[in-house]
Amino acid sequence: MGKVYDWFEERLEVQAIADDISSKYVPPHVNIFYCFGGIVFTCFLVQVATGFAMTFYYRPSVVDAFASVEYIMTSVNFGWLIRSIHRWSASMMVMMLVLHVFRVYLTGGFKKPRELTWVTGVILAVVTVSFGVTGYSLPWDQVGFWACKIVTGVPAAVPIVGPPLVLVLRGGESVGQSTLTRFYSAHTFVLPLAAAVLMLTHFLMIRKQGISGPL
């Protein structure tokens, strides 16, 4: 094992990286309330793992979507547990995100020089809500269908750009297969990719600037 470590150390200087990570200064005022952001990230990882597992069985079709979810819940080994964890973790992620935003705001973590960290966090909040909106409709049951219809119809009230935006979201004049395909693509590819990039940017800025001091 020592030879393997020495091989990597010679090429990547892993010890220097480990020392940099472990020696990062943590202000003495930091307490348990500063863990909300980390919990959000943990929930995101759980969402990725459980969501990926369900993609093996879920079918994004208006005909088969509900039946495939029912199959996951009743026939797939531990499918009920995986989907339940996915739902519970989604709720936990939103709740922890709200608490994280309040904590950052109340402790002044958005002030100079951390404005960009705050901006990326706000965008991440929008992405998180978008996860909920798109995922809610994927079972394509009565609740999911009407939720999708209402959500995609909201932009119609916006002058000029509203109606074209509705067409883009729905993939046509009415809610149907094209809408479900768009929601599935957004939920499983577009939003996770955006979240990963934004989280990396968010973490790098926190790493660079450190945790804000007490008020």
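In case you wondered, yes, glycine gets a Cβ from its N, Cα and C as well.
Range annotated as transmembrane segment by Swiss-Prot, chosen from 116-136, 137-157: 116-136. In this structure, of the binding-site residues His86, His100, the smallest number of CB atoms within 10 A of the CB marks His86. Annotation for His202 (heme b 1 binding site): spatial neighbours Thr117, Thr120, Gly121, Leu124, criterion Cβ-Cβ under 8 Å with sequence separation of six or more. Ranked by Cα separation from His100 (heme b 1 binding site), the binding-site residues Cys35, His86, His187 are led by Cys35. The binding-site residues listed here are Cys35, His187; among them, His187 has the most other Cβ atoms within 10 Å of its own Cβ. Cα-Cα distance from Cys35 (heme c binding site) to His86 (heme b 2 binding site): 21 Å (rounded to the nearest whole number).
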